[in-house]
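This report concerns only the one structure given below.
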Amino acid sequence: MIHILLIVCSLFTFSANAAVQDFCVADLKGPDTPAGYTCKPAAKVTVDDFVSTGLRFAGNTSNIIKAAVTPAFAEQLPGVNGLGISIARLDLSPGGVVPMHTHPSGSELLLVTQGFITAGFISSANTVYVKTLKKGDLMVFPEGLLHFQVNAGGVTAVAFASFSSATPGLQILDFALFANDLPSKLVEATTFLDDATVKKLKAVLGGTG
Ligand SMILES: *[C@@H]1O[C@H](CO)[C@@H](O)[C@H](O)[C@H]1NC(C)=O
């Protein structure tokens, strides 16, 4: 009798486990909500939803910051949707910089795989935490805090940044201030910078007004 009960119980556990939803591959045609994308029907999911080959290749660093970030977020790697993880590749040419920025929705773990990177973040108490990292070194940037990465050697640096979110988001401070149409008067009032400096930075970064 006890044996039969155990068998019934384990069968029940088995079927309950089988009913668990293993994944929620992003349906990129559906809405991108704060809780992530809606799920692609399981019958349409393939292994390629869980694989990204895009990080094999160096990004194009021929730009003003001499840096390239190649993301594997939910949009590029639909299988991470709902799992609270993602990753990106960072290429930094000599002189390259990832300007001060935040990821509103995720903490970051940066692993340097080539070259040297000076990285740092600033806490909400305005304490600075900065260090020069070399191949194999890691640094963590807590969610939401301003941080940056600068090439610290004469060679191209490569790093991989993993995030505690499938959609960590990215806001770059300089672009927020100088790459849009926020009127110069308001930029000056809120930053204490002078008009000439604000106009110069708007010109460099593509802002207007
Ligand atoms: C890299 O970007 C620059 C500037 O946009 C462009 O001129 C160049 O062709 C790109 N190089 C490659 C290899 O795509």
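Using N, Cα and C of the backbone, Cβ positions are placed for all residues, glycine too.
Please treat TrEMBL annotations as automatic predictions, because they have not gone through curation.
Taken verbatim from TrEMBL:
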type	residues	note
BINDING	His103, Glu108	oxalate binding site
DISULFID	Cys24-Cys39	disulfide bond
DOMAIN	53-199	domain 'Cupin type-1'
SIGNAL	1-18	signal peptide
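Overlay of TrEMBL annotations on the structure.
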residue: Cys24; record: disulfide bond; Cβ contacts under 8 Å, 6 or more apart: Gly36, Tyr37, Thr38, Cys39, Asn81, Gly82
residue: His103; record: oxalate binding site; Cβ contacts under 8 Å, 6 or more apart: Phe141, Glu143, Gly144, Phe163, Ser165, Pro168, Gly169, Leu170, Gln171
residue: Glu108; record: oxalate binding site; Cβ contacts under 8 Å, 6 or more apart: Val140, Phe141, His147, Ala161, Ser162, Phe163, Ser164, Pro168
Inset, instruction - Tally the residues of the domain 'Cupin type-1' (53-199) by DSSP class, grouping H, G and I as helix, E and B as strand, and everything else as coil. - result: 25 helix, 59 strand, 63 coil
